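Okay, handing you the structure first.
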Amino acid sequence: MMRTPITTHPLLLLLLLQQLLQPVQFQEVDTDFETPEDKMEEFREYLEEFRRTGPTRPPTKEKVERRVIIEPGMPLYHRDYCNEEIMRKNVYHKQRCVTEHYFLLMQYDELEKICYNRFVPCKNGVRKCNRSKGLVEGVYCNLTEAFKIPRCKYKSFYRRGYVLITCAWQNEIHKLIPHTINDLVEPPKHRSFLNEDGVFVIPP
């Protein structure tokens, strides 16, 4: 009978078994990559809001600016504007789609100044809002399908009008900041102007 080197040399067999029984060693992978601090803060805030079961945390300046303010880019008339921007900016309420949302093409500082304008009735006349003195371009998003993420579908409406907002006092910075965008009211098609009380007046 022919003998193999393993059967003729037991020591060789033991060495081979020793190699096979050693714990598997994985090569260490360098996963130390830098992430911008603002992106990490946004991600942590998103996870906290996503898991939160109690009342929604009051909005901060950074949150309002990130979710509402937009810059020139995709045409505001684009049919999928809301679907893409709401997903990109993580505009959700916990695990549900928001029923409506506004994107405004303006600087945050300009939006903040509206908090000190005259009061006018909000949409549906429920509360008092502050209204912008000038016209602002933006997009109104209205939920049409689904209620839970990620299946939210919106219809987009381009608007150019007066912004109605509610404001809240933020203790950390000791000033009023925009709280919610209540409406973006388009002016009448016919010629009109605003009087000192912020009311539309039609010339005779």
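Positions of Cβ are set from backbone N, Cα and C atoms, glycine also.
The annotation signal peptide is assigned in Swiss-Prot to 1-26 on the grounds of sequence analysis. The feature disulfide bond is assigned by Swiss-Prot to Cys97-Cys152, Cys115-Cys167, Cys122-Cys129, with similarity to another entry given as support. Annotated N-linked glycosylation site per Swiss-Prot: Asn130, Asn142, in sequence order, evidence recorded as sequence analysis.
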Give the sequence-ordered list of residues that share a chain with Asn142 (N-linked glycosylation site), lie 6 or more positions from it, and have CB atoms under 8 Å from its CB.
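Correct list: Cys82, Thr99, Glu100, Tyr154, Lys155, Phe157.
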List every residue in the same chain as Cys167 (disulfide bond), at least 6 positions away in sequence, whose Cβ is under 8 Å from its Cβ.
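Spatial neighbours, sequence-distant, of Cys167 (disulfide bond): Ile114, Cys115, Asn130, Leu176, Ile177, Pro178, His179.
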Using a 10 Å cut-off on CB atoms, tell me which of the disulfide-bonded residues Cys97, Cys115, Cys129, Cys152 is the least crowded.
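Least crowded of the disulfide-bonded residues Cys97, Cys115, Cys129, Cys152, by Cβ count within 10 Å, is Cys115.
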Three states by DSSP: which one describes Cys152 (disulfide bond)?
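Assignment for Cys152 (disulfide bond) reads coil.
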Taking DSSP three-state, what's Cys115 (disulfide bond) in: helix, strand or coil?
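Note: Cys115 (disulfide bond) is helical by DSSP.
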If you count other Cβ atoms within 10 Å of each one's Cβ, which of the recorded positions Cys122, Asn130 has the most?
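Of the recorded positions Cys122, Asn130, the most buried by Cβ count within 10 Å is Asn130.
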What's the CA-CA gap between Cys152 (disulfide bond) and Cys122 (disulfide bond) in angstrom, rounded?
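Just about 26 Å between their Cα atoms.
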Using the alpha carbons only, what distance in Å do you get between Cys122 (disulfide bond) and Cys97 (disulfide bond) once rounded?
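It is 23 Å, counting Cα to Cα.
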Going by DSSP, is Cys122 (disulfide bond) part of a helix, a strand, or coil?
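Once the DSSP labels are grouped into three classes, Cys122 (disulfide bond) ends up as coil.
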Round to a whole number and give the Cα-to-Cα distance in Å for the pair Cys97 (disulfide bond) and Cys129 (disulfide bond).
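About 24 Å separates the two Cα atoms.
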